[in-house]
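Before any comments, here is the structure.
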Amino acid sequence: MKKIGVLTSGGDAPGMNAAIRSVVRTGIYHGLDVVGIRRGYAGLIEGDFYLMDRGSVADIIQRGGTILLSARCEEFKTEEGRQKALKKMKEEGIEGLVVIGGDGSFRGAEKVSKELGIPAIGIPGTIDNDLACTDFTIGFDTAMNTIIDTINKIRDTATSHERTFVVETMGRRSGFLTLMAGLAGGAESILIPEIDFDLDDVSQKLKKGYERGKLHSIILVAEGVGDDFSTNRDINHSKAFVIGKQIAEKTGLETRVIILGHIQRGGSPTAMDRILASRMGSKAVELLLASESNKMVGYVNNKLVTCDISEALSKEKQVEKDVYKLANILSM
């Protein structure tokens with residue numbers, strides 16, 4: 001193997017640049033040419049490639065986002081689109097591919113490996129932390145700390161005005177980010193897709209808190225909670241606004257709603273995300289050099305591991321209900 005490609009796909013996550021840096025410099029260390037592919041699978045189809053060197057990734061380890069840019073690509077989901085990508089890769093001489101992204105990105109990597117015959121390795125980069133076969137994904141720790149920092153700021157004004165704040169976080173199908181940020185941020189209530197809840201119970205808990213002398217409350221809500229709430233993504237009809245309105249009606253408490261949105265994806269990655277990305281990027285290159293394909297690099301029990309991408313996609317990562325219980329106990 002003489003030349004490999006690297007791309008980022010799907011939603012960006014802090015630490016992706018650190019992973020790109022690691023792939024490029026590890027590849028060069030092993031005598032490989034490393035080609036950067038801009039805009040994910042769209043760039044793969046269009047041949048938007050450029051040869052990277054050590055200088056290409058200088059001064060990026062601390063930067064959020066991705067220097068390779070990211071985009072969603074419907075065309076790659078078609079056989080015709082994938083054949084275009086294969087033609088471009090063969091013309092460029094790309095013999096292996098590193099894909100940094102979430103589950104959608106990994107489905108593409110699986111197609112590259114199994115259908116197109118190009119070895120591909122996946123690095124989990126998503127703030128949702130919703131991929132199986134790894135304890136942590138790149139970007140999760142940074143996003144969690146961003147939420148916690150925001151909660152701290154919200155508490156200041158919430159206390160001053162004796163208000164309840166409903167704060168919506170990302171997590172359409174997964175509550176990992178919301179749960180862990182809620183536990184670390186001391187949220188009074190945490191609502192996630194995986195665990196049923198009753199707003200009457202939530203409201204009673206809030207009222208009891210105020211009766212004990214609490215001056216404010218923070219309710220953290222994952223964007224994918226309950227079918228009983230509006231699914232219209234217009235900000236004025238967000239589930240968080242529906243929940244906030246119902247809580248205000250049930251409790252009589254002055255309630256405000258905040259949608260954190262894309263702020264959770266930005267910012268300089270934490271040390272943990274930089275280290276995780278650096279280790280995973282290097283491991284991905286080593287796997288390609290060992291003639292591995294259709295594998296994902298994971299991190300389990302403080303060690304790097306590998307698993308089949310198909311296994312990571314087929315398994316559903318479960319939130320720890322003991323952690324959810326602990327968060328409820330500590331918030332009482």
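Cβ atoms are placed via backbone N, Cα and C, with glycine included.
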Among Arg63, Arg155, Arg172, indicate the single residue that Swiss-Prot lists for the ADP site containing Arg21, Ser22, Val23, Val24, Arg25, Gly186, Ala187, Glu188, Arg212, Lys214, Leu215, His216. Arg155
Figure out which of Gly11, Gly15, Gly27 sits with Arg72, Cys73, Gly102, Asp103, Gly104, Ser105 in the ATP site per Swiss-Prot. Gly11
In three-state DSSP terms, Arg256 (substrate binding site) is classed as strand
Listed ADP-binding residues Arg21, Ser22, Val23, Val24, Arg25, Arg155, Gly186, Ala187, Glu188, Arg212, Lys214, Leu215, His216 - what's their greatest C-alpha to C-alpha distance in Å? 57
Which one is it: of the binding-site residues Arg172, Lys214, His216, Ile263, whose Cα lies the shortest distance from the Cα of Gly104 (ATP binding site)? Arg172
For ATP: widest Cα to Cα gap among Gly11, Arg72, Cys73, Gly102, Asp103, Gly104, Ser105 in Å: 14
Thr126 (substrate binding site) and Ser105 (ATP binding site), Cα-Cα, nearest whole angstrom: 10
Rounded inter-Cα distance in Å - Ile263 (substrate binding site), His216 (ADP binding site): 24
Greatest Cα separation in angstrom, residues Thr126, Ile127, Asp128, Arg163, Met170, Gly171, Arg172, Glu223, Arg256, His262, Ile263, Gln264, Arg265 binding substrate per the record, works out to 32
